[in-house]
Structures are given as C-alpha cells and as structure tokens.
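Colleague: Here it is: the structure, laid out below.
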Amino acid sequence: MELVTILEKTVSPDRNELEAAQKFLEQAAVENLPTFVVELSKVLANPANSQVARVAAGLQIKNPLTSRDPDVKAQYQQRWLAIDASARGEIKTYVLRTLGTESYRPSSASQCVAGIACAEITVNQWPQLIPQLVANVTDPNSTERMKESTLEAIGYICQDIDPEQLQHKSNEILTAIIQGMRKEEPSNNVRLAATNALLNSLEFTKANFDKESERHYIMQVVCEATQCPDTRVRVAALQNLVKIMSLYYQYMETYMGPALFAITVEAMKNEIDEVALQGIEFWSNVCDEEMDLAIEASEAAEQGRPPEHTSKFYAKGALQYLVPILTQTLTKQDENDDDDDWNPCKAAGVCLMLLATCCEDDIVPHVLPFIKEHIKNPDWRYRDAAVMAFGCILEGPESCQLKPLVIQAMPTLIELMKDPSVVVRDTTAWTVGRICELLPEAAINDVYLAPLLQCLIEGLGAEPRVASNVCWAFSSLAEAAYEAADVADDQEEPSSYCLSSSFEVIVQKLLETTDRPDGHQNNLRSAAYEALMEIVKNSAKDCYPAVQKTTLVIMERLQQVLQVESHIQSTSDRIQFNDLQSLLCATLQNVLRKVQHQDALQISDVVMASLLRMFQSTAGSGGVQEDALMAVSTLVEVLGAEFLKYMEAFKPFLTIGLKNYAEYQVCLAAVGLVGDLCRALQSNILPFCDEMMQFLLENLGNENVHRSVKPQILSVFGDVALAIGGEFKKYLDVVLNTLQQASQAQVDKSDYDMVDYLNELREGCIEAYTGIIQGLKGDQENVHPDVMLVQPRVEFILSFIDHIAGDEDHTDSVVACGAGLIGDLCTAFGKDVLKLVEARPMIHELLTEGRRSKTNKTKTLATWATKELRKLKNQA
C-alpha cells in the first residue's frame, strides 16, 4: 500500500483502518527507521500530497525526536544521531524545502526542523541551519508563508534548546526575529510568528540587552508591536514585556516613564480579556521582582554591604493609578465562574495581593475608600469586589494598621455571610479565613467571637464553595485560638481555651460536613477533614471527651470503608474511595496524637486490625499505602514499647513498603517507620534487624530506588545502632564501608536540586556515624570498649567534616549535625581527636559558624562541641 494512503488513514473514522495504519507505521519505524523517515520527508515536501498526509508525515518525523521526559528525549536524540549522515542529510534537505510550501497552520515542517536542530546543534552539527533560516526571513523575495514558517521554526528551536547552545548565534537569530516584527512588515501572521519567537529567545539575548543601542531597538520594536491592530500580535508583544520586566528589570528605567507605564495601564483597561490579563500580569511581575529586591537589600544591610541590584519602587509609584483599575476589574466577575478559568477578575485579585505584600502600608489608603463605598452596595458585584479587595490587602501592611479596620468590619462581614448572593458569601468566607489566618487577634475577641463562630457553624451547611472556605477558616481559627490560650508553666497544653464551649458542636458539624453527598465538589470533603484534624490537634484539655468520641467515629468509618471495598465497580468510585481512605488515615493520625496512653492501649487492637486490612486491600494504591504507614508510625509513637505485639503481623507489610521502588514516597514512609520502630522498641527490635538491614542495604545499592530515599536510609542506620547498641557490631563493617562511599559523593554544583541532595546525603551520613558511635559507646559514664571498632575510621570521619566545612553550599542543619558528631567523637575517643582536629583548621571555622547560627539547635551543639574540644585541650 502506498505510504500516502496509509498516512491519510491515521485520521480515519473507521477504527479498524486507523489501527491498521498505526500498526504499519510503528512496524516500519522499527524495521528500518532511516529509510522510513526519508520516505516520510519526501511525502512532507511534496505540495501535491493532501494536507492530511503531509501533516501526518510531519508528526511521524517529529514524534521520534521529542519527548516531554528529558531522559527519553536524550535517548531519541542519540537514536537520531546514530542514523547514517547521508540519510540525515537527505531528510534535512526535504524538511527545509517544505518551509513555505504548506497552506495550513501551524507548519509541520517548522516543528520537524526544530526537532532535528535540537538534536544536532547540541553536538555542533548542522552549522548551516541558522544562516539558512535567517536568509529565509531577510530575503526580500521570500513569501509570507516562507517567513512565517521559518520564524515558527526559530521560535520552536529557541523554546526547546538549552540557551547556552545558541548564545553565539544570538545576533543572527535576533536579526531575523526583529526583521519579522517590524511595523513595516505587511503580514500580521509573520509579525505574530516573530513576536512569539522573540518571547522564546529572551533568555539567551542577554548580550544584546546589555548593549544600549541594541536594547533601545528591541524595546522600540516590542512597544510598537503592542499597538498592532491584530489582537494576537498585541497579546504576544505584551507577553514579551512581562518577561523582559523579569529578566531585565535593571534596564527598564529608561522605558518605564515614556512607554511601559502607559502601554501596560492601557492594556489593563482593555475590554479584550487576553490583553487585560497581560497588562495585569506585567504589574504582578513588577511586584515579584521588587519583593525579591527588598529581600536582597535587607540581606545586604545585615552583612554590611551595598546590594548588587536596587529597587526602583515602580509598584509604589504606580499605586494611585493601578488600584482604581484593579478594583474596577474585580467587579467583572462571572456568577457561574469555574475555578479553573483564569480571567482578569481573578488576576486583579492576585495583583492586589502582590501589591499589598510589596508596598505594605502604602496600599491601604488607596483601597480603603473603595471598600467603604461599596461593601453595602445594592449591586452584588460591587459588594463582592469590596469584600475581595479587603481580603486581598490583609497580608503586607503592618497588623497595627489593619487590626482596627478588621475589628470595625467584623459585624458587616458576619452579616455578609448571610448575603443573598452565593458569590458574596463565598468571598466573605474566604476573607474571614484570611483574617483568622493573618490577624487572628481581630477574630478572637470577646465581642465578635461568639457571633463569628455561630455564622461559621451555619456556613458549613452552605453551598460547597462557601462551606469549603468556612472549613479553611476553622483550620486557621483553631491554630490561632490554641496559640492565644494561657498555658500553665508546668503544662504542655492549655486546660481550656476560647473554643472550648463550642468545641463539641464544631466537631459534630465538621463530621457531618465530611459526610455531605456533595462533598466531592470544591474539595469540600478534604477541606472538612483537614479542619477536623486542625481543631483536634489544637484542642485544650477540657475538650478531651469530644476528642475521644471523634476517635471512635473515625475508627468506625475506617471499618465501614474497608467493608465496602469489595463492591467498588468504577474507576471514579475507586479514586474517591482511595481519597477517603487517605483522609481517614490522616485524621486517625491526628486523633491518636491527642489520645492518652491508657486510651490508646484500649483501642490499638482495633486500629491495627483496620490498618492491616488496609495494607492487604490497597496493594495497588501507593498513596493509601503511604498514609497507612504514616498512621502506623503515629501508633508506634503513642504506644512505644507496647507496639511489639503487632510486629509479627505487621512485618510483611513493612517489607512490601521497603521494596516499593516504583512509588518512592511509600518506600520513604517505610524507611522512616523503621527509625520510629527503633526508637520505640529499643533492643526489642533486635529479632527483626537482620531482615530490615538486608532490605535497607539492598535499597542503597539499587539503581531503581529514588535518590531521595537514600539519605533517609543512612540516617536510619544510626537509629538501628542506637536501639541495639553492641549488637550492631555484626553490621558495622558493611555499614561503615557504605558510609565511606556515600560521603565521597560528588554532584554538579550548577544544579540546585543536586546541591540540596548532596546536603541531605551528608546529613544522613553524619546522623549514621553519630548513632553508631553513641550506640557502641553506651550511655554509661565509662565508654564501652566496642566503640574502639570505629577508631580506624575517625580520621576519615574528621576529613569528611573538614571537606563539608570547606564547601560553601553546606546548610545550617549539616553544620548542626557535624558539630554534634565532633562532640561525640571527643567524648568517645578523647585526645586522639584533638590532634586530628588541630590539623584541620576549617573544622574550627565550621564550629564558629555554628555558634553564630540563628537556629538554637545549631548554636547549642556547636557550643557544646567547642567546650568538649576545650576540655581535651586543657587535659593535654
């Protein structure tokens, strides 16, 4: 069968034809990829073929070159480069020849060119491509289609390739793009393709922005494009301004007054949503930049140096113009608004919040008149906008300035919780939630707390969108009430607090809310469970009877849920069922933490039975397994040594968790649980250690185990050693060799994620060494001789700490662990340590840094280690 016919059948309505065509194409790609792609490129390049065939051919060429997964993409690119150079040359010729010949948009050829370019340019191949593309755009004889598809190709290349690969070509690329963007260009399609290409190229044109004359020209062309009658070009040009503001803030002063301010403020007022959104986004970005600069300025001041970059305070200067437009935009809400639709009204709310955080007290006088004028407006849109504006400015200004305003507004807000408009009630509930979170002392006052609680309790019965915000308000209120309560010096928790009298009713109402049939809407069910967790966690002693009742309700629900499991049919039911199991597990954790030890012993059999059943039934769902492991972990915490009786029954499921490489969160939870078991069971963990140590060591050596699990495993070795003391000797050699290997890991320092990982790995190593030394040393006055087994490694351990001290990327918590380990080495090995430390002056610098830390733990450990070293010095 002819290739063209098969390609046309890839869109056939007949399922059999479609599947046969796909199967043929897949087979052809496997049998002989080079020949297959050459044939496809001929189909693509031939204008006589149908549009369907050409587009399908383009997809078949492009798809084996690109993937969203960077690892797969790299494999694809290697596979392409392995194709014989002459075949690749032929394909590239046909693909380039296609540019400008397609009568459809977007161009398939431009995507193919970009796919090949990203594979070849990175290995210094296809040097003639960029000059060829530039010529296509700048040649006066080029057609509109040629220029448009070529600029699309340039845009795709800029979007997908590592910017460093194109820096040396930035002048040529920019020449082509600016040529296509100029107002003299007759075709708006060409201008659009060029403007989109510029957006993708901004990262690597820094050298051009650094030169004043080039920068002026780029800015002129972009500003002119924002005035294009074609909305698509206008939006793309504004997107460029938004991004330029982030990347090149320091250069914008010249353009802000004469151009950018007027362009963006006009855009904000535009009737067309896409245009208005970009105008608002521009000012949101200004706020983001200026907040970063404020942080930089305060850090520089702390260190007594001038900041590298300074803020020009554009946001503060523009407040009087921006706020009226934003508050007016807040009145354009859609009554049946879907949460997922991003529109100017939502963007205006976010921009107001950012302005409040950025400009602090200065925003209040600009927003307050609007709130006062409209909070009782007969038009619901204005009432809603006023409440929204109020909620938006609660974070940023000083609380002393906001608190009197909030207290004054409280009766009105309580009244608005009963507003006829659901939109107003929703926004009011959100605003009350923000007050509870950000200015709780205004909510927890003698005058308004009772009516506020009453209206919130009633609000739990409202529409899901309102009730969901009410749940969030309860979460914040519970935490604030607990923190505001008086606690006797010798007590951990308050005997009573301001929610005590309503506690039982609130809990009862929240439990009812979790059971609402419409609980899946607006995330209501999980919001209600989270509120329940917060309120139980933050309860006073006199609320304990209600906590006991809640515990029984949650246990009963868990049992009910497990009974329904066998009747589940559909996938959507299964998802809801798993979510419910996870929520119940999380709630169970919270109530267990509050339950007194005696009560915990009475219910632990039933709890454990439910959790074991859950492990049996949820082998397929990692999320639920993780939550169930966390619940077991809490039970271990509450029961302590009494958990031993469940170990035999639980061990198989712990093993499954430790072996779950595919879902690393489950594996992480299982590893963490091993540490909890060691702390709770102490030496009673011994009979289970051989097996657990075997799995942990296997995981460390296994390529398929996610890297984030490995630092935790190292740390758990320390927990095992602390629990079993001298019995750890049998694992000592293999563990010390593993630690020696792990502590020598190197990473790419330009990759922040890897730098974080390296710090975690080092912390894990130090925690392991600490646990081993403390475990073997014993906690008696006299050091147990077993610890001398570590003596040969002491020099290596100190060199490791010295190496960390010299690495400027070390974190505060690594300093804390390192200091603790130095102190332990001193107490275990005495004067030998002193000589080794003296030979490594960086260690003293590390301890000095620790003593100056803002974190108490780090300060305490560093001071202790310094004292231990001083003791040894005095003895010597």
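Even glycines carry a Cβ here, placed using N, Cα and C.
According to Swiss-Prot:
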- 21-101: domain 'Importin N-terminal' (DOMAIN)
- 329-342: region 'IAB-binding' (REGION)
- 334-419: region 'Ran-GTP binding' (REGION)
- 2-31: repeat 'HEAT 1' (REPEAT)
- 85-123: repeat 'HEAT 3' (REPEAT)
- 170-202: repeat 'HEAT 5' (REPEAT)
- 212-247: repeat 'HEAT 6' (REPEAT)
- 253-302: repeat 'HEAT 7' (REPEAT)
- 314-360: repeat 'HEAT 8' (REPEAT)
- 402-438: repeat 'HEAT 10' (REPEAT)
- 544-592: repeat 'HEAT 13' (REPEAT)
- 600-639: repeat 'HEAT 14' (REPEAT)
- 644-681: repeat 'HEAT 15' (REPEAT)
- 686-724: repeat 'HEAT 16' (REPEAT)
- 732-776: repeat 'HEAT 17' (REPEAT)
Colleague: Within the repeat 'HEAT 17' (732-776), how many residues are helix, strand or coil going by DSSP?
Modeller: 36 helix, 0 strand, 9 coil
Colleague: Going along the chain, which residues at least six beyond the ends of the repeat 'HEAT 1' (2-31) come within the CB cut-off of under 8 Å?
Modeller: 39-40, 43, 49-50, 52-53, 56-57, 60, 64
Colleague: Where DSSP helix means H, G or I and strand means E or B, what are the helix, strand and coil counts for the repeat 'HEAT 14' (600-639)?
Modeller: 36 helix, 0 strand, 4 coil
Colleague: Could you tell me the mean pLDDT the prediction assigns to the repeat 'HEAT 6' (212-247)?
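Modeller: Across the repeat 'HEAT 6' (212-247), the average pLDDT comes out at 96.
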Colleague: Short question: which residues 6 or more past the ends of the repeat 'HEAT 5' (170-202) have a Cβ under 8 Å from it?
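Modeller: Sequence-distant neighbours of the repeat 'HEAT 5' (170-202): 105, 130-131, 133-134, 137-138, 144, 147-152, 154-156, 158-159, 208, 214, 217-218, 221-222, 224-225, 228, 230, 232-233, 236-237, 239-240, 243-244, 247.
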